[in-house]
Amino acid sequence: MALGGVGRGGAARAAWPRLLLAALAPALALAGPALPEVLFRCPPCTAERLAACSPAARPPCPELVREPGCGCCPVCARLEDEACGVYTPRCAAGLRCYPDPGAELPPQALVQGQGTCARPPDTDEYGASTEPPADNGDDRSESILAENHVDSTGGMMSGASSRKPLKTGMKEMPVMREKVNEQQRQMGKVGKAHHNHEDSKKSRMPTGRTPCQQELDQVLERISTMRLPDERGPLEHLYSLHIPNCDKHGLYNLKQCKMSVNGQRGECWCVDPIHGKVIQGAPTIRGDPECHLFYTAHEQEDRGAHALRSQ
């Protein structure tokens, strides 16, 4: 993924856990209560890592926060209207990082540091914290986590004090479940013709957990039991996982895509909304395969086959 002006060394690798959260946000929101919370924790801030923080890492500023990702050194929090993103310091208390309203790909805008720190329009909806500002960086317990996670509600990123860091002995922190409307619009955008199929899709909705939700459950269960390496270890193996893109009814969105890697868009393909099977004849490309065109033809073929069987 693009690094938005941040070096590709340790700082970039340290942010991998948050990139994973960005990718998982739609999945977590759709998983519902069927699974336990998916948990992620950063490696401990050792004495050596703390000693490596230079005095310049404590500049005079209104609020100190931890470095992006799993960093241990204190940095100045970004203030209101300042630029922010995945690889930048967190926004100050009470602020969140939002992409530009006109951004075509909000998560990508945040990865590239093109967000802006702003106050949430509705603090009740997003759960903005009313707790005191973030700590000054003195407490570096073993279980400090990457607090600045990205979700896909238009690419919002939590502010500095939206969560308290977990203290020694507390090994887990649940990933916040929030609405994921924008990501679903981006991933499920297949043109007007697709929306004409919504009624027929609803009428054929399976009862209980749908195939898409079941596949999603399996992926989340696998991730929740993974032993994630620390920030020095690559997490490329996570990109081999396909996280299914389910719609609000639990059906597969016509367009399914792999995650972007090293700034290159992942491949996208078209599937049947009920069973998730690849639609024959539809392309697999790094872009929009215009699945609604192929689904229309696929649906007509199914109806024709059903009519023949009924005769």
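If you go along the chain as it appears here, the first residue is 1 and each next one adds 1.
Cβ atoms here come from the backbone N, Cα and C positions, even for glycine.
Quick look at what Swiss-Prot annotates:
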SIGNAL    1-36  signal peptide
DOMAIN    38-120  domain 'IGFBP N-terminal'
DISULFID  Cys42-Cys70  disulfide bond
DISULFID  Cys45-Cys72  disulfide bond
DISULFID  Cys53-Cys73  disulfide bond
DISULFID  Cys61-Cys76  disulfide bond
DISULFID  Cys84-Cys97  disulfide bond
DISULFID  Cys91-Cys117  disulfide bond
REGION    112-168  region 'Disordered'
REGION    188-210  region 'Disordered'
DOMAIN    209-291  domain 'Thyroglobulin type-1'
DISULFID  Cys212-Cys246  disulfide bond
DISULFID  Cys257-Cys268  disulfide bond
DISULFID  Cys270-Cys291  disulfide bond
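Projection of Swiss-Prot feature records onto the structure.
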residue	record	Cβ neighbours (10 Å)
Cys45	disulfide bond	21
Cys53	disulfide bond	18
Cys76	disulfide bond	18
Cys84	disulfide bond	29
Cys91	disulfide bond	30
Cys97	disulfide bond	27
Cys117	disulfide bond	25
Cys268	disulfide bond	20
Cys270	disulfide bond	25
Cys291	disulfide bond	27
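Neighbour density at the Cβ, taken as the number of other Cβ atoms within 10 Å, is lowest among the disulfide-bonded residues Cys61, Cys70, Cys73, Cys246, Cys257 for Cys61. Between the disulfide-bonded residues Cys72, Cys212, Cys212 has the most other Cβ atoms inside 10 Å of its own Cβ, all protein chains included. Closest to Cys73 (disulfide bond) in space, going by CA atoms and restricting to the disulfide-bonded residues Cys61, Cys84, Cys212, Cys257, Cys268, is Cys61. In terms of Cα spacing, the disulfide-bonded residues Cys45, Cys61, Cys268 that come within 10 Å of Cys70 (disulfide bond) are Cys45. Residues in the domain 'IGFBP N-terminal' (38-120) partition by DSSP class (helix H, G, I; strand E, B; coil) as 14 helix, 18 strand, 51 coil. The subset of disulfide-bonded residues (Cys61, Cys72, Cys246, Cys257, Cys268, Cys291) lying with their Cα within 10 Å of the Cα of Cys53 (disulfide bond) consists of Cys72, given in sequence order. Here the domain 'Thyroglobulin type-1' (209-291) returns a mean pLDDT of 79 for the predicted model. Cys246 (disulfide bond) sits 37 Å from Cys72 (disulfide bond), taking the Cα positions as reference. In this structure, Cys291 (disulfide bond) is part of a helix by DSSP.
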